[in-house]
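Shown next, in C-alpha coordinates, is the structure this report addresses.
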Amino acid sequence: MKKQRLVVAGSGSTYTMGMMMSLIEEKERFPLKEVVFYDIDEQRQERNAKATQILFQEQYPELESFSYTTNKEEAFKEADFVFVQIRTGGLAMREQDEQIALKHGVVGQETCGPGGMAYGLRSIRDMIQLVYDIRQYAPEAWILNYTNPAAIVADALKREFPHDYRLLNICDMPIAIMISYAKILDVDVWDLVPEYFGLNHFGWFTKIYDKEGNDHTERLKQLIIETGFTPEDTEIANDVSWQKTFEQARQMLIDFPEFLPNTYLQYYLYPEDMVEKEDPNHTRARQVIEGRQKRVHDTCDQMIEKGTAKGADLHVDIHGVFMIKAAASLAYNSGQRFIVIVENNGVITNLPDDAMVEVPCLLTSQGAKPLVVGEIPTFYKGLIEGQLAYEKLVVESYFENNKQKLIQALTLNRTVVNVKKAKAIVEDLIVANKGYWPNYE
Ligand code: G6P
Ligand code: MN
(Lines of atoms letter the chains of each structure in order from A and count residues from 1; the text may use other names and numbers.)
(Lines give C-alpha, C1' and ligand atoms only; values in the text may rest on other atoms or scores of the structure.)
(Ligands and ions follow the chains in the order given, each with its own letter.)
Protein backbone atom coordinates (compact mmCIF):
# COMPACT_ATOMS: atom_id res chain seq x y z
CA MET A 1 0.00 0.00 0.00
CA LYS A 2 1.39 3.34 -1.02
CA LYS A 3 1.85 5.64 1.97
CA GLN A 4 0.26 9.03 1.50
CA ARG A 5 1.35 12.62 2.04
CA LEU A 6 -1.67 14.35 3.57
CA VAL A 7 -2.15 18.09 3.94
CA VAL A 8 -4.82 19.51 6.24
CA ALA A 9 -5.80 22.97 5.01
CA GLY A 10 -7.51 24.99 7.70
CA SER A 11 -5.66 23.03 10.39
CA GLY A 12 -6.63 25.54 13.08
CA SER A 13 -10.15 24.08 13.00
CA THR A 14 -11.88 22.77 16.12
CA TYR A 15 -12.33 19.49 14.23
CA THR A 16 -8.60 18.92 13.60
CA MET A 17 -7.80 16.98 16.77
CA GLY A 18 -10.72 14.59 16.18
CA MET A 19 -9.43 14.13 12.65
CA MET A 20 -5.93 13.31 13.95
CA MET A 21 -7.38 10.69 16.31
CA SER A 22 -9.22 9.23 13.33
CA LEU A 23 -6.00 9.10 11.27
CA ILE A 24 -4.44 7.04 14.05
CA GLU A 25 -7.48 4.76 14.24
CA GLU A 26 -7.45 4.23 10.46
CA LYS A 27 -3.68 3.96 9.92
CA GLU A 28 -3.84 0.38 8.63
CA ARG A 29 -6.42 1.29 5.99
CA PHE A 30 -5.01 4.73 5.08
CA PRO A 31 -1.28 4.63 5.89
CA LEU A 32 0.52 7.96 5.91
CA LYS A 33 4.14 8.89 5.47
CA GLU A 34 3.68 12.58 6.08
CA VAL A 35 1.12 14.94 7.60
CA VAL A 36 1.37 18.67 6.97
CA PHE A 37 -0.80 21.38 8.53
CA TYR A 38 -1.56 24.48 6.52
CA ASP A 39 -3.43 27.54 7.77
CA ILE A 40 -3.28 31.29 7.34
CA ASP A 41 -3.94 31.77 11.06
CA GLU A 42 -0.58 30.97 12.62
CA GLN A 43 -1.77 31.03 16.18
CA ARG A 44 -4.79 28.77 15.79
CA GLN A 45 -2.69 26.36 13.78
CA GLU A 46 0.18 26.25 16.25
CA ARG A 47 -1.86 25.07 19.22
CA ASN A 48 -3.32 22.14 17.27
CA ALA A 49 0.06 21.41 15.69
CA LYS A 50 2.00 21.25 18.94
CA ALA A 51 -0.60 18.97 20.47
CA THR A 52 -0.63 16.79 17.34
CA GLN A 53 3.15 16.48 17.44
CA ILE A 54 2.92 15.02 20.94
CA LEU A 55 0.02 12.77 19.99
CA PHE A 56 1.78 11.38 16.91
CA GLN A 57 5.03 10.77 18.80
CA GLU A 58 3.10 8.53 21.16
CA GLN A 59 0.53 6.97 18.87
CA TYR A 60 1.79 7.22 15.27
CA PRO A 61 5.53 6.46 15.42
CA GLU A 62 5.40 5.02 11.86
CA LEU A 63 4.79 8.50 10.48
CA GLU A 64 7.97 9.79 8.83
CA SER A 65 7.22 13.45 9.24
CA PHE A 66 4.76 15.89 10.76
CA SER A 67 5.07 19.62 10.11
CA TYR A 68 3.06 22.82 9.98
CA THR A 69 3.38 25.85 7.78
CA THR A 70 1.70 28.98 6.45
CA ASN A 71 3.63 28.63 3.17
CA LYS A 72 1.56 27.27 0.30
CA GLU A 73 4.40 25.79 -1.68
CA GLU A 74 5.84 23.98 1.34
CA ALA A 75 2.41 22.66 2.18
CA PHE A 76 1.07 21.51 -1.18
CA LYS A 77 4.20 20.34 -3.01
CA GLU A 78 3.95 16.59 -3.62
CA ALA A 79 0.69 16.29 -1.71
CA ASP A 80 -1.34 13.14 -2.39
CA PHE A 81 -4.37 14.34 -0.43
CA VAL A 82 -5.54 17.71 0.79
CA PHE A 83 -8.39 17.80 3.29
CA VAL A 84 -9.89 21.28 3.19
CA GLN A 85 -11.83 22.71 6.12
CA ILE A 86 -11.52 26.48 5.98
CA ARG A 87 -13.89 29.01 7.56
CA THR A 88 -13.50 32.46 6.03
CA GLY A 89 -14.21 35.05 8.70
CA GLY A 90 -14.04 32.45 11.45
CA LEU A 91 -16.66 31.83 14.10
CA ALA A 92 -16.93 35.59 14.63
CA MET A 93 -18.50 35.99 11.19
CA ARG A 94 -20.67 32.91 11.76
CA GLU A 95 -22.10 34.69 14.80
CA GLN A 96 -22.80 37.79 12.69
CA ASP A 97 -24.60 35.71 10.05
CA GLU A 98 -26.81 34.06 12.64
CA GLN A 99 -27.58 37.25 14.51
CA ILE A 100 -28.36 39.39 11.47
CA ALA A 101 -30.90 36.87 10.17
CA LEU A 102 -32.50 36.49 13.59
CA LYS A 103 -32.75 40.26 13.95
CA HIS A 104 -35.02 40.16 10.90
CA GLY A 105 -37.05 37.35 12.42
CA VAL A 106 -35.79 34.57 10.15
CA VAL A 107 -33.63 31.46 10.65
CA GLY A 108 -30.06 32.34 11.68
CA GLN A 109 -27.98 29.32 10.73
CA GLU A 110 -24.49 28.49 9.48
CA THR A 111 -25.49 26.91 6.16
CA CYS A 112 -29.25 27.56 5.78
CA GLY A 113 -31.01 30.72 4.65
CA PRO A 114 -29.34 34.15 4.87
CA GLY A 115 -26.52 32.82 7.05
CA GLY A 116 -25.67 30.18 4.49
CA MET A 117 -25.78 32.78 1.74
CA ALA A 118 -23.46 35.10 3.63
CA TYR A 119 -21.01 32.34 4.45
CA GLY A 120 -21.24 31.02 0.89
CA LEU A 121 -20.23 34.33 -0.62
CA ARG A 122 -17.27 34.47 1.78
CA SER A 123 -16.20 30.88 1.09
CA ILE A 124 -16.34 30.98 -2.72
CA ARG A 125 -13.52 33.47 -3.17
CA ASP A 126 -11.14 31.74 -0.77
CA MET A 127 -11.99 28.24 -1.97
CA ILE A 128 -11.36 29.11 -5.61
CA GLN A 129 -8.02 30.67 -4.70
CA LEU A 130 -7.08 27.71 -2.54
CA VAL A 131 -7.84 25.18 -5.27
CA TYR A 132 -5.68 27.19 -7.72
CA ASP A 133 -2.89 27.22 -5.14
CA ILE A 134 -3.12 23.48 -4.55
CA ARG A 135 -3.23 22.76 -8.29
CA GLN A 136 -0.15 24.92 -8.87
CA TYR A 137 1.95 22.68 -6.63
CA ALA A 138 0.04 19.39 -6.68
CA PRO A 139 -1.86 19.01 -9.96
CA GLU A 140 -2.75 15.40 -9.19
CA ALA A 141 -3.66 15.59 -5.52
CA TRP A 142 -7.06 14.50 -4.31
CA ILE A 143 -8.83 17.45 -2.74
CA LEU A 144 -11.52 16.47 -0.24
CA ASN A 145 -13.41 19.60 0.58
CA TYR A 146 -15.82 19.90 3.47
CA THR A 147 -15.81 23.67 3.69
CA ASN A 148 -19.33 25.01 4.14
CA PRO A 149 -21.86 25.79 2.87
CA ALA A 150 -20.94 22.74 0.81
CA ALA A 151 -23.82 23.05 -1.68
CA ILE A 152 -22.88 26.59 -2.70
CA VAL A 153 -19.14 25.92 -2.58
CA ALA A 154 -19.55 22.78 -4.71
CA ASP A 155 -21.56 24.66 -7.33
CA ALA A 156 -19.02 27.50 -7.50
CA LEU A 157 -16.07 25.11 -7.74
CA LYS A 158 -17.79 23.15 -10.50
CA ARG A 159 -18.14 26.40 -12.44
CA GLU A 160 -14.49 27.31 -11.98
CA PHE A 161 -12.97 23.80 -12.31
CA PRO A 162 -15.46 21.87 -14.45
CA HIS A 163 -13.19 18.93 -15.34
CA ASP A 164 -11.36 18.42 -12.06
CA TYR A 165 -12.56 14.98 -10.98
CA ARG A 166 -9.99 14.86 -8.19
CA LEU A 167 -11.83 17.62 -6.39
CA LEU A 168 -14.62 16.22 -4.26
CA ASN A 169 -17.11 17.91 -1.91
CA ILE A 170 -18.22 15.91 1.08
CA CYS A 171 -20.46 16.37 4.11
CA ASP A 172 -20.55 14.26 7.24
CA MET A 173 -24.21 14.79 8.10
CA PRO A 174 -25.58 11.69 6.33
CA ILE A 175 -23.08 9.41 8.10
CA ALA A 176 -23.60 11.23 11.42
CA ILE A 177 -27.32 10.46 11.06
CA MET A 178 -26.56 6.87 10.11
CA ILE A 179 -24.65 6.38 13.37
CA SER A 180 -27.96 6.96 15.11
CA TYR A 181 -29.70 4.51 12.76
CA ALA A 182 -27.03 1.92 13.51
CA LYS A 183 -27.50 2.40 17.24
CA ILE A 184 -31.25 1.96 16.96
CA LEU A 185 -30.88 -1.13 14.75
CA ASP A 186 -28.05 -2.44 16.92
CA VAL A 187 -25.63 -2.91 14.02
CA ASP A 188 -22.28 -1.44 12.98
CA VAL A 189 -22.72 1.80 11.02
CA TRP A 190 -20.33 0.55 8.30
CA ASP A 191 -22.62 -2.42 7.70
CA LEU A 192 -25.48 -0.14 6.65
CA VAL A 193 -26.10 0.55 2.97
CA PRO A 194 -28.19 3.69 2.40
CA GLU A 195 -30.21 4.90 -0.56
CA TYR A 196 -30.30 8.70 -0.48
CA PHE A 197 -31.01 11.70 -2.69
CA GLY A 198 -31.01 15.48 -2.42
CA LEU A 199 -28.80 18.52 -2.25
CA ASN A 200 -26.28 19.04 0.53
CA HIS A 201 -28.10 19.59 3.85
CA PHE A 202 -31.30 19.07 1.90
CA GLY A 203 -31.90 15.39 1.31
CA TRP A 204 -33.66 12.17 2.32
CA PHE A 205 -32.78 8.54 2.97
CA THR A 206 -35.21 6.45 0.95
CA LYS A 207 -33.91 3.05 2.09
CA ILE A 208 -31.61 1.62 4.73
CA TYR A 209 -30.28 -1.83 3.87
CA ASP A 210 -27.51 -3.89 5.37
CA LYS A 211 -24.72 -5.62 3.47
CA GLU A 212 -26.75 -8.80 3.15
CA GLY A 213 -29.52 -6.88 1.45
CA ASN A 214 -32.01 -6.90 4.32
CA ASP A 215 -34.29 -3.87 4.24
CA HIS A 216 -34.48 -2.14 7.65
CA THR A 217 -36.28 1.00 6.49
CA GLU A 218 -39.79 0.50 7.84
CA ARG A 219 -38.67 -0.95 11.15
CA LEU A 220 -36.22 1.91 11.58
CA LYS A 221 -38.91 4.52 10.93
CA GLN A 222 -41.22 2.84 13.37
CA LEU A 223 -38.54 2.67 16.06
CA ILE A 224 -37.62 6.33 15.60
CA ILE A 225 -41.24 7.40 15.87
CA GLU A 226 -41.93 5.19 18.87
CA THR A 227 -38.72 5.41 20.86
CA GLY A 228 -37.18 8.74 19.77
CA PHE A 229 -34.13 9.90 17.88
CA THR A 230 -30.89 11.11 19.44
CA PRO A 231 -27.40 12.04 18.20
CA GLU A 232 -24.93 9.23 18.91
CA ASP A 233 -21.55 10.34 17.57
CA THR A 234 -19.19 11.26 20.43
CA GLU A 235 -18.79 14.79 19.06
CA ILE A 236 -22.50 15.68 19.24
CA ALA A 237 -24.18 13.13 21.54
CA ASN A 238 -24.09 15.38 24.62
CA ASP A 239 -24.79 18.60 22.81
CA VAL A 240 -28.21 20.04 23.71
CA SER A 241 -28.60 21.82 20.38
CA TRP A 242 -27.95 18.61 18.42
CA GLN A 243 -30.27 16.69 20.71
CA LYS A 244 -33.08 19.12 19.86
CA THR A 245 -32.24 18.83 16.17
CA PHE A 246 -32.53 15.04 16.21
CA GLU A 247 -35.79 15.31 18.13
CA GLN A 248 -37.09 17.60 15.39
CA ALA A 249 -36.00 15.08 12.75
CA ARG A 250 -38.33 12.63 14.47
CA GLN A 251 -41.15 15.16 14.12
CA MET A 252 -40.36 15.54 10.41
CA LEU A 253 -40.64 11.79 10.01
CA ILE A 254 -44.03 11.82 11.75
CA ASP A 255 -45.22 14.62 9.45
CA PHE A 256 -43.76 13.11 6.26
CA PRO A 257 -43.24 9.40 6.89
CA GLU A 258 -42.33 8.48 3.31
CA PHE A 259 -38.58 9.06 3.63
CA LEU A 260 -36.07 9.65 6.46
CA PRO A 261 -35.04 13.34 6.45
CA ASN A 262 -31.65 14.99 6.77
CA THR A 263 -31.71 16.95 10.04
CA TYR A 264 -31.06 20.26 8.21
CA LEU A 265 -34.51 20.14 6.62
CA GLN A 266 -35.90 21.36 9.95
CA TYR A 267 -34.88 24.91 9.05
CA TYR A 268 -36.83 24.83 5.79
CA LEU A 269 -39.90 22.93 6.98
CA TYR A 270 -40.45 24.63 10.35
CA PRO A 271 -38.70 28.01 9.99
CA GLU A 272 -40.82 29.90 12.56
CA ASP A 273 -40.34 27.21 15.21
CA MET A 274 -36.59 27.31 14.62
CA VAL A 275 -36.51 31.07 15.11
CA GLU A 276 -38.49 30.74 18.32
CA LYS A 277 -36.01 28.23 19.74
CA GLU A 278 -33.08 30.61 19.26
CA ASP A 279 -31.62 33.13 21.67
CA PRO A 280 -30.22 35.91 19.41
CA ASN A 281 -27.63 36.75 22.08
CA HIS A 282 -26.42 33.18 22.29
CA THR A 283 -26.58 31.62 18.86
CA ARG A 284 -24.87 28.42 17.75
CA ALA A 285 -21.57 30.19 16.98
CA ARG A 286 -21.34 31.38 20.58
CA GLN A 287 -22.21 27.89 21.83
CA VAL A 288 -19.41 26.46 19.69
CA ILE A 289 -16.94 29.10 20.91
CA GLU A 290 -17.81 28.36 24.55
CA GLY A 291 -18.24 24.63 24.01
CA ARG A 292 -16.26 22.70 21.40
CA GLN A 293 -13.66 25.38 20.78
CA LYS A 294 -12.92 25.93 24.46
CA ARG A 295 -12.77 22.20 25.10
CA VAL A 296 -10.35 21.60 22.21
CA HIS A 297 -8.16 24.57 23.11
CA ASP A 298 -7.99 23.55 26.78
CA THR A 299 -7.20 19.97 25.86
CA CYS A 300 -4.38 21.04 23.54
CA ASP A 301 -2.96 23.51 26.08
CA GLN A 302 -2.90 20.80 28.73
CA MET A 303 -1.23 18.32 26.40
CA ILE A 304 1.42 20.86 25.48
CA GLU A 305 2.03 21.72 29.13
CA LYS A 306 2.29 18.11 30.26
CA GLY A 307 4.14 16.95 27.15
CA THR A 308 1.88 13.93 26.77
CA ALA A 309 -1.46 12.94 25.24
CA LYS A 310 -2.09 10.44 28.01
CA GLY A 311 -5.37 11.14 29.74
CA ALA A 312 -6.28 13.86 27.21
CA ASP A 313 -9.94 14.38 26.31
CA LEU A 314 -9.56 13.30 22.67
CA HIS A 315 -11.90 11.12 20.67
CA VAL A 316 -12.17 9.53 17.28
CA ASP A 317 -15.18 11.10 15.57
CA ILE A 318 -17.33 9.94 12.70
CA HIS A 319 -16.50 13.02 10.66
CA GLY A 320 -12.80 12.08 10.57
CA VAL A 321 -13.27 8.36 10.07
CA PHE A 322 -15.69 8.97 7.21
CA MET A 323 -13.33 11.32 5.35
CA ILE A 324 -10.44 8.92 5.79
CA LYS A 325 -12.39 5.88 4.61
CA ALA A 326 -13.55 7.87 1.58
CA ALA A 327 -9.96 8.94 0.90
CA ALA A 328 -8.73 5.36 1.16
CA SER A 329 -11.34 4.21 -1.34
CA LEU A 330 -10.09 6.84 -3.83
CA ALA A 331 -6.42 6.12 -3.15
CA TYR A 332 -6.62 2.33 -3.41
CA ASN A 333 -9.42 2.17 -5.99
CA SER A 334 -11.62 0.03 -3.81
CA GLY A 335 -14.89 1.49 -5.11
CA GLN A 336 -16.59 1.66 -1.75
CA ARG A 337 -19.94 3.32 -1.48
CA PHE A 338 -20.31 6.70 0.23
CA ILE A 339 -22.79 9.56 0.01
CA VAL A 340 -20.99 12.53 -1.59
CA ILE A 341 -21.76 15.62 -3.68
CA VAL A 342 -21.49 15.26 -7.48
CA GLU A 343 -22.87 16.78 -10.66
CA ASN A 344 -26.31 15.30 -11.35
CA ASN A 345 -25.95 14.41 -15.05
CA GLY A 346 -29.06 12.26 -15.08
CA VAL A 347 -28.59 10.53 -11.74
CA ILE A 348 -31.86 12.05 -10.49
CA THR A 349 -33.70 11.97 -13.79
CA ASN A 350 -36.18 14.75 -13.09
CA LEU A 351 -33.62 17.31 -11.87
CA PRO A 352 -31.30 19.42 -14.06
CA ASP A 353 -28.02 17.87 -15.20
CA ASP A 354 -25.92 20.69 -13.79
CA ALA A 355 -27.30 20.45 -10.23
CA MET A 356 -24.75 19.45 -7.61
CA VAL A 357 -26.58 16.62 -5.85
CA GLU A 358 -25.79 14.48 -2.83
CA VAL A 359 -26.18 10.79 -3.65
CA PRO A 360 -24.50 7.43 -3.02
CA CYS A 361 -21.37 7.05 -5.16
CA LEU A 362 -18.65 4.46 -5.63
CA LEU A 363 -15.31 6.11 -4.90
CA THR A 364 -12.65 4.93 -7.35
CA SER A 365 -9.25 6.05 -8.63
CA GLN A 366 -11.19 7.76 -11.44
CA GLY A 367 -13.30 9.73 -9.02
CA ALA A 368 -16.85 9.45 -7.69
CA LYS A 369 -19.16 7.23 -9.73
CA PRO A 370 -22.75 8.06 -8.79
CA LEU A 371 -25.39 5.35 -8.59
CA VAL A 372 -28.67 5.89 -10.41
CA VAL A 373 -31.48 7.36 -8.30
CA GLY A 374 -34.13 7.77 -11.00
CA GLU A 375 -37.23 9.89 -10.67
CA ILE A 376 -38.07 11.52 -7.34
CA PRO A 377 -41.65 12.30 -6.18
CA THR A 378 -43.19 15.74 -6.75
CA PHE A 379 -43.03 16.99 -3.15
CA TYR A 380 -39.27 16.47 -2.88
CA LYS A 381 -38.65 17.66 -6.43
CA GLY A 382 -40.54 20.87 -5.67
CA LEU A 383 -38.64 21.53 -2.47
CA ILE A 384 -35.29 20.77 -4.10
CA GLU A 385 -35.95 22.94 -7.14
CA GLY A 386 -36.63 25.99 -4.98
CA GLN A 387 -33.51 25.40 -2.92
CA LEU A 388 -31.42 24.68 -6.00
CA ALA A 389 -32.52 27.93 -7.62
CA TYR A 390 -31.55 29.78 -4.43
CA GLU A 391 -28.10 28.16 -4.46
CA LYS A 392 -27.56 28.88 -8.16
CA LEU A 393 -28.60 32.51 -7.73
CA VAL A 394 -26.11 32.99 -4.91
CA VAL A 395 -23.31 31.58 -7.06
CA GLU A 396 -24.38 33.59 -10.12
CA SER A 397 -24.57 36.70 -8.00
CA TYR A 398 -20.96 36.13 -6.96
CA PHE A 399 -19.61 35.60 -10.48
CA GLU A 400 -21.70 38.36 -12.06
CA ASN A 401 -21.46 40.84 -9.20
CA ASN A 402 -25.25 41.04 -9.21
CA LYS A 403 -27.01 42.18 -6.04
CA GLN A 404 -30.49 41.71 -7.47
CA LYS A 405 -29.82 37.95 -7.61
CA LEU A 406 -29.22 37.89 -3.86
CA ILE A 407 -32.65 39.38 -3.27
CA GLN A 408 -34.11 36.81 -5.68
CA ALA A 409 -32.23 34.06 -3.85
CA LEU A 410 -33.59 34.96 -0.42
CA THR A 411 -37.09 35.45 -1.83
CA LEU A 412 -36.96 31.87 -3.08
CA ASN A 413 -35.47 30.52 0.12
CA ARG A 414 -38.09 28.93 2.39
CA THR A 415 -36.52 30.56 5.45
CA VAL A 416 -37.20 34.10 4.13
CA VAL A 417 -39.82 34.36 1.29
CA ASN A 418 -40.83 37.94 2.15
CA VAL A 419 -39.26 40.40 -0.33
CA LYS A 420 -39.12 43.30 2.10
CA LYS A 421 -37.16 41.15 4.53
CA ALA A 422 -34.95 39.79 1.73
CA LYS A 423 -33.95 43.33 0.72
CA ALA A 424 -33.26 44.46 4.27
CA ILE A 425 -31.22 41.37 5.10
CA VAL A 426 -29.11 41.74 1.95
CA GLU A 427 -28.32 45.36 2.88
CA ASP A 428 -27.29 44.40 6.42
CA LEU A 429 -25.17 41.50 5.22
CA ILE A 430 -23.38 43.67 2.67
CA VAL A 431 -22.27 46.00 5.46
CA ALA A 432 -21.25 43.15 7.78
CA ASN A 433 -19.31 41.34 5.04
CA LYS A 434 -17.29 44.27 3.76
CA GLY A 435 -13.93 42.97 2.61
CA TYR A 436 -15.21 39.40 2.31
CA TRP A 437 -17.98 39.72 -0.29
CA PRO A 438 -17.75 41.00 -3.83
CA ASN A 439 -18.29 44.79 -3.95
CA TYR A 440 -21.97 44.88 -4.83
CA GLU A 441 -23.08 48.19 -6.37
C1 G6P B 1 -22.55 18.94 10.71
C2 G6P B 1 -22.62 19.41 9.29
C3 G6P B 1 -21.56 20.43 9.03
C4 G6P B 1 -21.69 21.57 10.01
C5 G6P B 1 -21.67 21.06 11.42
C6 G6P B 1 -22.02 22.22 12.36
O7 G6P B 1 -21.39 18.23 10.92
O8 G6P B 1 -22.51 18.38 8.37
O9 G6P B 1 -21.69 20.88 7.72
O10 G6P B 1 -20.66 22.51 9.84
O11 G6P B 1 -22.60 20.05 11.60
O12 G6P B 1 -21.90 21.82 13.65
P13 G6P B 1 -21.77 22.86 14.85
O14 G6P B 1 -21.65 21.97 16.00
O15 G6P B 1 -20.56 23.69 14.55
O16 G6P B 1 -23.00 23.68 14.84
MN1 MN C 1 -22.33 19.36 6.32
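Backbone N, Cα and C define each Cβ position, glycine as well.
Unlike curated entries, TrEMBL annotations are predicted automatically.
Together with R94, R284, TrEMBL lists one candidate of N145, N148, N238, N333 for binding substrate, that being N148. Cα-Cα distance from C171 (Mn(2+) binding site) to E110 (site 'Increases basicity of active site Tyr'): 14 Å (rounded to the nearest whole number). Within the set of binding-site residues R94, C171, H201, C171 have a CB atom less than 6 Å from some atom of ligand 1. Only C171 of the recorded positions listed as R94, E110, C171, Y264, R284 bring a Cβ under 6 Å of any atom of ligand 2; the order follows the sequence. The DSSP secondary structure for R94 (substrate binding site) is helix.
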